[in-house]
Amino acid sequence: MKAIIVLLMVVTSNADRICTGITSSNSPHVVKTATQGEVNVTGVIPLTTTPTKSHFANLKGTKTRGKLCPKCLNCTDLDVALGRPKCMGTIPSAKASILHEVKPVTSGCFPIMHDRTKIRQLPNLLRGYEHIRLSTHNVINAETAPGGPYKVGTSGSCPNVTNGNGFFATMAWAVPKNDNNKTATNPLTVEVPYICTEGEDQITVWGFHSDNEAQMVKLYGDSKPQKFTSSANGVTTHYVSQIGGFPNQAEDGGLPQSGRIVVDYMVQKSGKTGTITYQRGILLPQKVWCASGRSKVIKGSLPLIGERDCLHEKYGGLNKSKPYYTGEHAKAIGNCPIWVKTPLKLANGTKYRPPAKLLKERGFFGAIAGFLEGGWEGMIAGWHGYTSHGAHGVAVAADLKSTQEAINKITKNLNSLSELEVKNLQRLSGAMDELHNEILELDEKVDDLRADTISSQIELAVLLSNEGIINSEDEHLLALERKLKKMLGPSAVDIGNGCFETKHKCNQTCLDRIAAGTFNAGEFSLPTFDSLNITAASLNDDGLDNHTILLYYSTAASSLAVTLMIAIFIVYMVSRDNVSCSICL
């Protein structure tokens, strides 16, 4: 008879593990967020730069005005604005102008009292217009003005092109023509008509002359202080002349003068008439400036060398490389970065994670259980992706679609910040346009406060953008997990935390196909589990029946068991000194 001995052999298979993950980096950067404070990320986009000082330049794509009249040699801008005889020329059109004469300058003609009027602003006012031209004819007939007849006074200090006596083209020095009208007079009024083309601003220059008592009597027949008033567009200005007390002064090599002139201007809007009320010594308006358009004005220096994106009062000409800058805040024109108080960086990657580690612990029958933490090294083609662990080692593959979605979100945030930049620039530009007539009197504290407010708005926008970029990682990983689960199907078991245990091997090729979305579980063979192997052992039949065989086996086994028990008992008793054993030969 044959006896059957059953031998069991089970073949097991080590499954691979696939997980979704995020790239790691060996050089983390730090960005600021709204609620998480400083966060380490794998990459950043610097949004700020700190400029260095450079020379001033022309603005790219824009006509930039340095001197009002570049062809008027040896002339200050004030000479040009007043119409000094040897400083008559064309002022080129420009959308940007450099205020290069910071300190009040002399006229280079007759001594002017700068401290009593805003005359030093006249060149700056003209710079604020894109198009400027001097009228071809006079706005008033000075000889027949009220209080006349007058003769137009000239001075050897104001030589004309033939080196004869002259005077400013914008004003007529109204001196009584004969002794009969060299007398004191009550205030007289003259209307100043609008003679420019419709839509242009008319800048009308006027003034008055005063001297010591002797000269006042000689010229005007009255040594008392004279009263003057101008009015245009609801703005009225009053003056009372000063008699005497002036030292002799020569301008630009001219003759010494004991008298002074006070010069002012008024801006007449399209179609509006102005008025001037005066007594003796009036400088009546003659040629007027007709101006239109806006030219942005900034303090700077000449010459203008080359071209730049931006002109900055502190740094000169700049090329814009970043949307914002840190350093000294000052006015700037052109395509300029916006000033912010601190450096800003936009997250351009994922939240930093150290390289992933596989933490292992022993389970039943030595089975290895593990879980992953950190980010994956080697994910060079993207930020999000997959990793597998198994006999092949570690394989990593990036998911390009998920990474592109993350990049698109960052680009959207960057564009939003750019839109915020444009809005703030428009706001600043509007404020500057409203105040361009008073550019030298702008309150720096107000300007700094406005800059601080805008800086805070921008910083908050960057913090919120970084917050959104970092928080969106969970969305991308969840989407990857759903995508992975769908592709693996029944060939894997979801073990949580974005990981799946597969019923097949998944090497680099397998993982690359998962990342590319072309994975097919059927292409990777499932491991086979061998069924129970049963081997039958045949025993020779020597005439012994089964009962006899079993009797022999049981007797031998029982005898062996009893013998072992006795031997163990004797050894135990000897060790306890309860039994002694003597051996004699």
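Yeah, the Cβs are placed from backbone N, Cα and C, and that goes for glycine too.
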Of C69, C75, which cysteine does Swiss-Prot list as the disulfide partner of C87?
C75
Selected residue, Swiss-Prot feature N-linked glycosylation site, from candidates N507, N578:
N507
Whichever of C69, C72, C158 is disulfide-bonded to C109 when Swiss-Prot is consulted:
C158
Number of Cβ atoms other than its own within 10 Å, given for N348 (N-linked glycosylation site):
22
In whole Å, note down how far the CA of C506 (disulfide bond) lies from the CA of N40 (N-linked glycosylation site).
32
Number of other Cβ atoms within 10 Å of the Cβ of C109 (disulfide bond) across all protein chains:
26
Count the Cβ atoms, other than its own, that fall within 10 Å of the Cβ of N40 (N-linked glycosylation site), considering every protein chain shown.
13
Can you tell me the CA-to-CA distance separating C506 (disulfide bond) and C158 (disulfide bond), as a whole number of Å?
96
Whole-number Å value for how far N319 (N-linked glycosylation site) lies from N507 (N-linked glycosylation site) (Cα to Cα):
50
When you measure from the Cβ of C158 (disulfide bond), how many other Cβ atoms are you left with inside 10 Å?
24
Tell me the Cα distance separating C87 (disulfide bond) from C109 (disulfide bond), rounded to the nearest angstrom.
11
